[in-house]
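Presented below is the structure to which this report refers.
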């Protein structure tokens, strides 16, 4: 039986360590000795069958396995009767209150013992296969993924195969060469034959690959991983010279000027490229060489495949200047750097690159910055020393990335513990039900306090291209270590709100000095245009995006400013200024003024804002309206608010909700869901955005219609149904935030009940 473990380390593993006793850590274990009742087993099998039967209709999982576990362990039973509001009935205060209480009690029961809310954070289908390939190469496949793990990984692959036989970049996407190839190889490594798998998964996948040009058309990241595995040749890849890491810092393309994720992906990739590392050529690798190409492997002209990419994978076509750069490196530079005496320079570059990798590993407790980087850095450590401590420390942190749901085992981006908990706490606080959920709030407060990053990265962190992190919050847990501006702002907001509440209910307030550290992080990340970046100060030259080496992402080379980060920071600093009016007053005032200007300047012509981390214009507009409202901007004194209200009202569906397709993100224009369906998460965002604009004072009818949809959509136990995917990154790849379906309908109903006048049955 699969069990989710919370905040657990391993006293018997000397390679596993933590900065705060593993608070926020979430790991899955299969317990073969657990004696499950027939009812438990049937419940698990039932939700698996239901997902499989509906896999083409609702592609994100409901994240049900741990929910069933927690509700069973806490003996939760929904005792508050469900309410429905008829078409010709008005929403009453009692109906809103009852629905809200049901949602609050259900969601509180899902809180973990350390105070956070666990949730799946995955969706891209290129996360897990490289991990399987890595442990296969290093000889650790059986220990990392024993039989029950393999079974669940295969379940996940089968569940998310498209009807045409391929796999998308993410679970809702059209089939791509990249993820179809990775999924096929993963199935073969895990023991499926060339024609094996449920519903002929392997044969259908291989047919899709060969019908679309064979693996020679895989994009650059795929070429890299296949070269590492031994089913492609390095000579067919664009150069990734490690010499970038010893360039003079004044050059515009120096790694210090790169976006941290780009830097952290190409750091280990460049090491592996510089070494031309290839894993052991096993019988399976030789079979894959035969299966994945439309011609004999030894007859392929690898030089001609370097620029080939399947049209299904191309989101960002490479400009001519980039092709010229890679050609120059390929033809002129690489032949020199592999020969004496220039190979001495390469050796120095590899040593410098390795130094940076070890630094990043140590400062993240071997979690690294994310799952793509994790696997690459782990492999590099094995290449350096297969029996070394660095690699063993990486192995110890693999469980931090693994997640199990009714659709199988997947790899998380790295966990959204702090992000989800910050919003969960604010939603619960807005419910005005403190007297009913005091212990929940106290535990959540404790988690947030314990998760704050207490120190900057070690040593001379600026020479390692790192920014300050002391006082920040990460996306996941403290061990991760990477500061994020909006996570910091949301954590700061929670601590500020808790500081105004009785300590006997919510626990001791955080020390002011730690709040000052958070403010310092936020102030350090604002650019001259008023916008706030996410991880590190933005400021590199925009033309560097022309050198984006990926084909399926956009805006990945340098750090940018984001509407959501800017808005979160405005809201946090406005509240901080109210409670601590004497601290850096002038700087905070200037920050807010410039940030508001940024929001106004980045509004789209239709009145919306592009959301960088959620779908899409609905998400961005909710954030922007929240920031503008906090800064004192209203419908009557701000044209941007009026335009945003017009956009939201115009996009409201006939049933009272909002529903936006994920296609809005890559297309950068508003696209409604197919069939004009509503999505409850999107409805929550839009409803809160309109409430921020004080729509209730002008015409509350749109708010009542949206609230009625939320009330009538609540399930029997107080949950809300899982619908379409809601998160995104880098314009073109979707991310499943499983907690969103609880947080945002609940939060929207809380705001609605608190701020919109409602009739009462007693009057």
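Yeah, the Cβs are placed from backbone N, Cα and C, and that goes for glycine too.
Beyond the repeat 'PFTB 1' (100-142), the same-chain residues lying 6 or more positions past its ends with a Cβ under 8 Å from any Cβ of the stretch are 4, 6-7, 23-24, 26, 60-61, 63, 66-67, 70-71, 74, 76, 78, 80, 82, 153, 156, 160, 167-172, 178-179, 182-183, 185-186, 189-190, 221, 225, 228-229, 279-280, 371-372, 374-376, 378-379, 382, 386, 391, 395, 398, 401, 403, 405, 409-418, 420-421, 424, 428, 431, 433, 436-437, 440, 443-448, 450-451, 714, 717-720, 725, 727, 733-739, 742-743, 745-746, 749-750, 753. Per Swiss-Prot, the feature repeat 'PFTB 1' maps to 100-142.
Each residue in the repeat 'PFTB 2' (150-191) gets a DSSP state, and the totals come to 23 helix, 5 strand, 14 coil. Under the heading repeat 'PFTB 2', Swiss-Prot lists 150-191.
Neighbours of residue 419 (site 'Transition state stabilizer'), defined as other CB atoms within 10 A of its CB across all chains, total 23. Look at Swiss-Prot and you will find 419 (among others) tagged as site 'Transition state stabilizer', backed by similarity to another entry.
Taken from Swiss-Prot, the feature repeat 'PFTB 3' covers 441-485, and the record attributes it to sequence analysis. Broken down with DSSP, the repeat 'PFTB 3' (441-485) shows 19 helix, 0 strand, 26 coil.
Of all the Cβ atoms in the protein chains shown, 23 others lie within 10 Å of the Cβ of residue 475 (site 'Transition state stabilizer'). Residues or ranges marked as site 'Transition state stabilizer' by Swiss-Prot: 475 (among others).
All protein chains considered, the CB of residue 486 (active site, proton donor) has 24 other CB atoms within 10 Å. According to Swiss-Prot, the active site, proton donor annotation covers 486.
What Swiss-Prot records for 515-560 is repeat 'PFTB 4', and it gives sequence analysis as the kind of evidence.
The feature repeat 'PFTB 5' is assigned by Swiss-Prot to 592-632. Below 8 angstroms of C-beta separation, residues 526, 528-532, 561-564, 566-571, 573-575, 577, 638, 640-648, 651, 658, 660-662, 664-665, 668, 670, 682, 685-686, 688-690, 692-693, 724-729, 731, 734 of the same chain, each at least six residues beyond the ends of the repeat 'PFTB 5' (592-632), sit close to that stretch.
According to Swiss-Prot, the feature site 'Transition state stabilizer' maps to 613 (among others). Cβ neighbour count for residue 613 (site 'Transition state stabilizer'): 23 (other Cβ atoms within 10 Å of its Cβ, all protein chains included).
Using DSSP to sort the residues of the repeat 'PFTB 6' (641-682) gives these counts of helix, strand and coil: 20 helix, 4 strand, 18 coil. Annotation comment: Swiss-Prot describes 641-682 as repeat 'PFTB 6', evidence class sequence analysis.
Looking at the repeat 'PFTB 7' (703-744) alone, the prediction's average pLDDT is 98. As annotated by Swiss-Prot, repeat 'PFTB 7' applies to 703-744, with the evidence given as sequence analysis.
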**Q.** Rounded Cα separation (Å) that holds between residue 613 (site 'Transition state stabilizer') and residue 475 (site 'Transition state stabilizer')
**A.** 13
Q. Between residue 419 (site 'Transition state stabilizer') and residue 475 (site 'Transition state stabilizer'), what is the CA-CA distance rounded to a whole number of Å?
A. 5
Q. What does DSSP call residue 419 (site 'Transition state stabilizer') in the simple three-state scheme?
A. helix
Q) Could you give the Cα-Cα distance between residue 475 (site 'Transition state stabilizer') and residue 486 (active site, proton donor), in whole Å? A) 9
